[in-house]
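TrEMBL lists 83-504 with the feature domain 'Peptidase A1'. The domain 'Saposin B-type' feature in TrEMBL is assigned to 313-353, 377-418. The signal peptide annotation in TrEMBL covers 1-26.
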């Protein structure tokens, strides 16, 4: 009899363990869905980011990071976002498809009070009257993106993420979504996983409340993105831990250098086996799950585009500068003049007391009403700085002056297009070079198959460079954005407790 009781108790315990949700161990898994990229979305994303950088630069917004809604402007637009998951808001939960975005920090979904935006009629809307746990806040807010803006008001309710229920979460009910991006989007809203420092209205992010309310066993979340286009499962986020099945080997960890975005210092970038020179002394980089692209300074992206045969636009300013100043730049560099002083000695750049004035994006995007210098002067300054970098790199390889100038002329033809196109021959992928990012003094290699984006099928397949130009000036720049192209190859751990980011080869 006693044995039967013990056996029954054991069976009951086993059954209970099997029925308990994954979150009972302080870990929750969120399955992700993936949509195929399209050419229009990729190009629209490129254009929006460049235009946003120009506007932010005009307002002097780009050089600081703090509690400013507009700090998000240069980086976000979601036109090229690929990965989505589902959450619930309210009691009983109302379901929404969201982007889990490490490049922002707010949670927002469309409101039932959104009457005049077309986008709201194509997506699920939150109805506060149907939730027993809703609390009114009502404070108005607005977030500006590269592709438009959203506005609405703050509310408070329970948020269900997998089997976890985050209580009393402050979020935004949007009543206006001013962009066609949100009309055609496959997602209803955004769940930001960045730091509170960039949260609009200083709202406490969902992840912070998961930790504060003791819903996760470890202050860590991790991303695994499935790059197999035929796979049904798009990927998985693990809140509260890491799944060893998602990666190979060990993670390389680097410290977060500035809270806001998940930002860290990255070392040199290699094109094949050759240094591009731009990040030898270190560059700021952020890991952004809200974009598919890899974005970086125009000089490096131009070299990459040239190496992979991406079609760009002939820059008149670039050709003009090379013909008039290439010999002089060569002589100054050979004579030992520091690269960052060459363009000022020539007279094309002016030192403003902090750094050399350069609005690098203007070489590919015309900027009107430029104050302090003409558009032509600014463009020439920027192109001069790029030319110095290119020539300096070739000098290290001990190439002759004639070959160097010829090579720089070719690079002019590969400057990124202002409209974002960067088409490449799909048949030439096998002959393209690897691109290597140095992180934590270790190489992280991307093969052509990994950094080239494919859209369409069969004879309609189009191949596009996964790199776009993004020129963020000092002191915040140069800045790289490592999006899904990178995160798909390298499993990424976001360690909130120890303020570090880890990368390992994805399984």
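Sequential numbering from 1, following the chain as shown.
In case you wondered, yes, glycine gets a Cβ from its N, Cα and C as well.
Residue counts for the domain 'Saposin B-type' (377-418) by DSSP state, with H, G and I taken as helix and E and B as strand, are 32 helix, 0 strand, 10 coil.
Counting residue by residue with DSSP, the domain 'Saposin B-type' (313-353) contains 27 helix, 1 strand, 13 coil. Per-residue pLDDT, averaged across the domain 'Peptidase A1' (83-504), gives 85.
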